[in-house]
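The structure under discussion appears below in the form of structure tokens.
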Ligand SMILES: Nc1ncnc2c1ncn2[C@@H]1O[C@H](COP(=O)(O)OP(=O)(O)O)[C@@H](O)[C@H]1O
Ligand SMILES: [Mg+2]
């Protein structure tokens, strides 16, 4: 039985008389023990969907069951069974790490002794030992984010939602965090539902990805399956002159699947990249294109996103 | 009962934060003393001969209830600022996503503001005693009941409004606009019996008019008269209405 089932979820915000359709009909299922991720640019509707699933927001329409409980019929029942770590975190700089962890456990109905034990265990698990009595404002970004995550795990939920868990962290902290998240699933069997706009995070951490854009899930699958949708290799040609004219010229070559221009670069996919390259160079030469550089690569999730939406995830975000 | 234990958990957290803030002892304990020292003597002179509504020799008994209400209007009424900060930092959402009752999230905070105001009341009454306040014990004890009702009402209202308004920039001016007329119309500094009729009528439309009159009469030693009973009833009903309003705002899903 799926641990999450969402059917036709929508959410429309009304701000000063104007409406924003943040989520426009989202359907998916999540199996227990999966690490699943929403991948999409800022504004895609990832946070809004998560807030519906965690009962923080009422869906405008649609239904969802989370951990076997209907979010609309029994929100408190859902809350008992899940953990949630919001995108912006949830700590006050004047509080101390351990006292907030203990409080959070007790808000889940855990007794004082047990709460203290779990707080200490979590500090160890998330490399926070030694920081337990520090005011949260004195922590580094990575330590503070791990505190946020510890707060979401203190009651050992079977399912945890992590909204942009590694946003704003340096590369070392990010990869440490990924290790923690993987261990959570591997050792405790926790289902992890995260959102990210980082391609590498989705690629290395998630068993399965739901690609989200403009309030909809536009593709789903394992990272490999998604990349396989881009049949063949990705060839990028950077030009000095008119990229659109170049696109028209190069599109005539045989063996190409898709061709798109972004900036001064023509990106195309070809079943056999090396073979296509010969044709492409020849055509460029004949048409006198000002070719600056050429690159062949195996497809990435960004190519998937580009093929699905016509724009690069990296362009939306630096 | 989990509502009580949940509220106590929130209360303990908020209390810890209050005690940790360096501003707390200064604002909380010295402000009331300052009012007594710098305003009280003026009032004693004004009331020297006794005026209508302010019997001779009753200046302190007249003045102290007004100060207590003023403390409420500057403390609990602005307590909603903390919920706005917690909305911004995500602390509030972190607590809302637990199964804890929505009412406990409000009640724990209201309890903190109430305890703070009660402690301020102890200080204020002690300092006032040093200045010359003399009142029957029952009257003094009744002050705590009035103060508790005022704190519960104003704090619950303020927290609810904080969730609605969600920004300090709008919240603070909004409350100032509300607090100043309430303060002036209650007759906190001078007896409303001196007011022209139109002012007296407007004043009777605000709850604090009845509350402050009730508190003063209690300090004069007349606990069972209709003025005290009316004042107490207005205080309790106002507190209850504000609490229900605040609780409703706290239980909204999209807060
Ligand atoms: N509380 C809100 N009020 C109004 N609009 C909102 C609110 N939260 C999000 N939105 C809008 O909804 C859309 C989706 O936002 P969000 O779910 O935060 O996206 P993501 O998490 O993918 O970046 C955006 O256009 C955003 O501006
Ligand atoms: Mg987001």
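Numbering starts at 1 and runs along the chain as it is shown here.
Glycine residues also receive a Cβ, built from the backbone N, Cα and C atoms like all the rest.
Feature annotation from TrEMBL assigns domain 'ABC transmembrane type-2' to B:23-253.
The transmembrane segment annotation in TrEMBL covers B:23-47 (among others).
The transmembrane segment feature in TrEMBL is assigned to B:67-89 (among others).
Per TrEMBL, transmembrane segment is recorded for B:110-131 (among others).
What TrEMBL records for B:137-165 (among others) is transmembrane segment. Using a Cβ-Cβ cut-off under 8 Å and counting only residues 6 or more beyond its ends in the same chain, the transmembrane segment (B:137-165) has close neighbours at 64-65, 68-69, 72-73, 75-84, 87, 106, 109-110, 113-114, 116-118, 121, 125, 171, 174-175, 211, 214-215, 218-221, 223, 228, 231-232, 235-236, 238-243, 245-250, 252, 255.
The transmembrane segment annotation in TrEMBL covers B:177-199 (among others).
Look at TrEMBL and you will find B:223-250 (among others) tagged as transmembrane segment.
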Checklist outcome for this item: With the greatest number of Cβ pairs under 8 Å to the transmembrane segment (B:177-199), the stretch among B:67-89, B:110-131, B:223-250 is B:67-89
Item to check | Cβ-Cβ under 8 Å with the transmembrane segment (B:67-89): same-chain residues at least 6 beyond its ends | outcome: 14, 31-32, 35-36, 39, 109, 113-114, 116-117, 120-121, 124, 143, 146-147, 150-151, 154-155, 157-163, 165-168, 171-172, 175, 178-179, 182-183, 186, 188, 208, 211-212, 215
Next on the checklist: Can you tell me which parts of the same chain pack against the transmembrane segment (B:23-47), counting only residues 6+ beyond its ends and a CB-CB cutoff under 8 A?
Outcome noted: 54, 56, 58-60, 62-63, 67, 70-71, 74, 116, 119-120, 123-124, 127-128, 131-132, 189-190
